[in-house]
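Structure first, then comments.
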C-alpha cells in the first residue's frame with residue numbers, strides 16, 4: 001500500500017477511535033468529560049522536563065518523517081526545498097489521565113494552542129534556512145495525548161535548507177543534501193533523539209526538473225559542543241542529475257565539438273585566404289566563449305575546477321591552436337614569398353646574361369651555323385634554358401649543371417626545350433582537372449535494387465528461422481519475399497547496414513566501372529554475401545554468435561561486433577579490393593615504371609563537407625546499434641557509443657595528419673578525413689564495452705592500419721580512388737582485434753585479464769582473441785571469393801569497365817545523358833581533360849623509352865640523376881650511331897637538335 005493511503009488510514013482510525021471513545025464515554029456516567037480531564041491535568045501540571053521512570057535516564061523522543069513533496073534544488077543559491085510531515089513522540093508521566101478516564105477515554109485530540117502550555121523537546125532543523133508550518137487555512141498541527149501520558153505531535157512543514165553542492169563532475173554529478181535535527185534547548189543528558197522503526201517514508205516518487213532522488217539515508221549520532229553533548233539525527237537525500245547523460249551531452253559536449261570541427265575548416269583554405277581563415281577561427285572562438293558563459297551563468301561560483309571546465313577549455317585550446325597555426329602558416333608563407341622574390345630576381349638577371357658554365361654542348365659549335373641561348377622563367381619558379389640551333393648534324397643533350405637535371409629535347413620545329421622531364425610531369429599535374437562523374441543515377445538505381453534484394457532474399461537468409469538444426473548455424477530459411485515478416489524495425493535497421501556494405505564498393509571502382517557493374521553487385525551483395533555473414537555473427541542461430549565453450553565453467557566465447565566492424569565494413573572493404581584489382585587502374589594512374597601519379601579530385605571543400613556529414617552519420621550508425629534504445633537506461637549506452645566513436649576518430653585523424661606531415665611535409669585534409677573515418681570504423685566492434693582510455697589504442701591503431709593498407713595498394717599498383725579498402729577493411733579488421741584488447745567485459749579484454757592476475761580469465765581472453773581472428777579470416781575469405789565469379793563474368797562479357805575514350809571524357813554524358821556540370825554554365829572540359837590525360841600517358845611512354853635506353857648502354861650513369869628522371873651521359877660514338885639511325889628513320893632534314901626518344 002502506498003504511503004499516502006497509509007497516512008489516510010492512520011488518520012481515519014484515529015478519528016474513529018476518538019469517536020468510539022466519545023460514544024463509550026457517554027455510556028460511562030462515572031467518567032469525566034474531555035474538557036474536565038484537560039482542566040484537571042493542567043490544574044496541577046508544571047511545565048518542566050518530564051521525570052524518567054529510571055534514575056539518570058533522559059527523555060527519549062522518537063522522530064518520524066513523511067516526505068510529501070520537493071520543490072526544487074537550486075545550483076545558484078545552493079539550497080533545496082522540501083515539504084514534510086514531521087512527527088515527534090515522547091512520554092510525559094505528568095500528563096497521564098488513567099486515574100481520571102475510568103478506561104473510557106483512551107486518547108484526546110487536542111488543539112494546537114495547548115502546545116505552549118506543555119513541555120516539548122524543542123526539536124528543530126538546525127541547518128534550515130527557513131522553516132514554516134503550513135496554514136490551509138489554519139496551522140497544520142496535530143496534537144494527540146494518550147491516557148498513559150504519551151504525547152504525539154505532527155507538523156506539516158515547508159523547509160528550505162542548504163545543500164553543499166559538489167560540481168567537480170558536472171554535468172554527470174550526484175548531489176547529497178541533508179537535514180539535521182537537534183533539540184535546541186536540551187543536551188543528550190536530558191533529551192535523546194531516536195528514529196522510529198520506519199523513519200523515512202516517501203509519499204510519492206520525488207522527481208525534479210533536473211534531478212531524481214535515488215536514495216535516502218537516516219543516521220543518528222552524538223556531537224560534542226562547548227556546553228555539552230547533544231543528540232543529533234541526520235537524513236541525507238541523494239540526487240542524481242537526470243539530464244546529465246542526455247541533455248548535457250547534446251547541449252554542451254556535441255555543440256562544443258562541432259564548433260571545434262568548424263574551426264578546422266580553415267585547414268582546407270589556402271594560406272593566402274587570410275581574411276576567411278581569420279573569420280572562421282575568431283567566429284568559432286567567440287561561439288565557444290559564449291557557450292562557456294551560458295553554462296557558467298547557471299552555476300554557482302566555486303573555487304575548484306569542474307569537468308565541464310576541462311572540456312570547454314580543451315575545446316577553446318584546440319580552436320585557439322588553429323589561430324596559432326594560422327599565424328605560423330602566415331609567417332612561413334611570408335618567408336617563402338621572400339625567397340621566391342629573390343629567386344625571381346636572380347632569374348631575371350640570368351635571362352639577361354646566362355653564365356656559360358651552365359650549358360655544355362657535346363658537339364663542337366662549329367658544326368652548327370648558328371646557336372642562340374637564353375633563359376626562360378618557368379611557371380614553377382625554376383629556370384629553363386632554351387636554345388635555337390639550325391643546320392646542326394650532331395648535338396648532344398643539354399646539361400643543366402645548376403639544377404642537376406638532364407633534358408632530352410624533342411625534334412620539333414627548331415628543337416626547342418623547356419625544363420626537364422620531372423618539370424613536365426609537375427606541369428601536367430598542375431594543369432590536370434578531373435570532371436565529376438555523375439553518380440546520382442547509379443546511386444538511385446542501386447538503392448532501389450538493394451531494397452528489393454535485401455527484403456525478398458537477404459532478410460530470409462539472415463534472420464529467417466531455420467528448422468533444420470544442422471543448417472541453422474549457416475543460414476536462415478524462411479520469410480522469403482517478406483512472408484511472415486513482423487519485426488519491421490529490425491528489418492529497416494538491417495537494410496541500412498546491408499546498403500552500407502554494398503555502397504563501399506562504389507568508391508573502389510569509381511570513374512571507370514560500367515553501370516551494369518553497380519547494378520550487379522547491388523543485387524548480389526545485399527542478397528547473398530552480407531546476409532550470410534549477418535546470420536553467422538548476429539543471428540541467435542549463427543555459429544559465430546553461438547561461439548564455443550572454453551572450459552568446465554560453462555563460459556562461452558562469442559563473436560563481438562556491436563556495430564558491424566566485421567560483417568559490414570570488413571566485408572565491403574574486401575569486396576572493394578577484389579573489384580579494384582580486377583577492374584584495373586584508371587588511365588594514367590600508374591606509369592610503366594610503377595610510379596603512382598596523383599589524379600586530382602573535383603573539390604576538396606565538398607569532399608570535406610561529405611566527410612563531416614559521414615562522421616555525423618556514424619553517430620547514428622554506432623549509437624543506434626543499441627536496438628533497445630527505448631528501454632530505461634539504454635540512453636547511457638547510446639551516449640557512450642557516440643562519445644567513443646568520436647574520440648576514436650579523432651585519435652586516428654591525428655595519427656594520419658602527423659604521419660603525412662613528417663614524411664611529406666604537408667598538412668593533408670583528405671587523408672586526415674579518411675583517417676578519422678577509419679578510427680570511427682575501428683570503434684564499431686567495441687564502442688559499447690570500451691572505456692575512454694581504450695580509445696587511444698583503438699583510434700591510433702586505426703590510423704596506422706589506414707596508412708599501411710593505403711601504401712600497400714600503391715606498392716601493388718591497385719587503384720582505389722577513395723581508399724575504400726584502406727578505410728573500411730583496415731578499420732574493420734583492427735576493430736575486431738582491438739575489442740579483444742580493450743574490452744571491459746570479464747574474460748573478453750586482454751588488458752583487463754592481465755591485470756586480474758587470473759589464469760582462467762587470461763585463458764578466456766586469449767580464446768576470445770583467437771575467435772575474433774577466426775571470424776575476420778572467415779569474413780575475408782567469404783567476401784572475397786564469392787564476388788570473384790561475379791566480376792569475372794562481367795569482365796568476360798565486357799560489362800565490367802567502360803571503354804577508354806568514355807573513361808577519359810567522363811561517364812555522365814556518355815552513359816546517362818545528364819552532365820554533372822552543364823556546358824552552358826561552365827563548359828564541360830572534355831578536350832582539356834583528354835589532352836591532359838594523353839600528355840600524362842605520353843610522358844609515361846617517354847620515361848619507359850629512356851629507361852630502356854639506359855639498360856641498353858653501359859655508359860649510363862644513374863647515380864647523379866634526379867628521382868623519376870632518366871639521365872643519359874653522352875657517349876659520342878654510341879650517341880652518333882643512335883643519331884644516324886634516327887635520321888635514317890625520319891627521312892628528312894633535321895633543322896634542330898636531334899633526340900634519342
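Note that Cβ sites are derived from N, Cα and C of the backbone, with glycine treated the same way.
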Per TrEMBL, the range holding transmembrane segment, considering 310-332, 333-355, 356-378: 310-332
Of the ranges 671-688, 725-742, 797-814, 815-832, which one does TrEMBL flag as transmembrane segment? 725-742
To which of the residue ranges 692-713, 846-867, 868-889 does TrEMBL assign the term transmembrane segment? 692-713
Matching 223-239, 274-290, 291-307 to TrEMBL annotations, transmembrane segment lands on 274-290
Taking the transmembrane segment (637-658) as the reference, which of 274-290, 558-583, 604-625, 725-742, 749-767 gives the largest number of Cβ pairs under 8 angstroms? 604-625
Six or more residues beyond either end and a Cβ under 8 Å away: which residues meet both conditions relative to the transmembrane segment (692-713)? 577, 580, 643-644, 647-656, 659, 671, 674-675, 678-679, 681-683, 686, 719-720, 723, 725-727, 729-731, 733-735, 737-738, 741-744
Any contact, the transmembrane segment (725-742) to the transmembrane segment (604-625), with at least 3 Cβ pairs under 8 A: no
Which listed range (310-332, 558-583, 604-625) shows the maximal number of Cβ pairs under 8 Å with respect to the transmembrane segment (773-794)? 558-583
